[in-house]
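Undergrad: According to TrEMBL, the protein has these features:
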- 4-52: domain 'AN1-type' (DOMAIN)
- 88-136: domain 'AN1-type' (DOMAIN)
Amino acid sequence: MEFSQLGSHCGVGHCHRLDFLPFTCKNCRLVLCIDHKEEMAHQCSNPSKDGHTISCPSCQQLLAVNANADDDFIVARHIQNGCKPPKSTLKSGCCVTRCRAKTIALIHCNCCQNQFCLRHRLAEDHNCKPKPCRQSAARTNVLDRIFGNKTLIG
């Protein structure tokens, strides 16, 4: 089987590489190999006037890049001008002693009112001891008036 009908040769004068997945420049309509797909690499005769955006690898902020600017230069300038990495979204650790798990989502125990990692989220995994209910003085007085000091026997 012959492969002469498959792929296309790069349109850059000195290259002519046979590429089976060629690129077509949207501005000059030249068929290009992977090495020359960028406007700067094939010295596009009709470069785009608008730029594009890239994201900073440190803070993930979008940076505008003009058509003639280099991506690496834009990122370097952004970092020099005070790029601030995002604050960590990790919450404080698990309430179990000696557990150093840091996680985004801590599980709240309704019984003891503490925060736990996924490993210690169940009551039997963190030796759950319910905190005594702190009743307000007004609530205690109302309950005493209604029930007196009687205890309910079940």
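Residue numbering: from 1, along the chain as shown.
In case you wondered, yes, glycine gets a Cβ from its N, Cα and C as well.
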Undergrad: What is the three-state DSSP composition of the domain 'AN1-type' (4-52), stated as helix, strand and coil residue counts?
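TA: Grouping H, G, I as helix and E, B as strand yields 3 helix, 9 strand, 37 coil.
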Undergrad: Within the domain 'AN1-type' (88-136), how many residues are helix, strand or coil going by DSSP?
TA: 3 helix, 4 strand, 42 coil
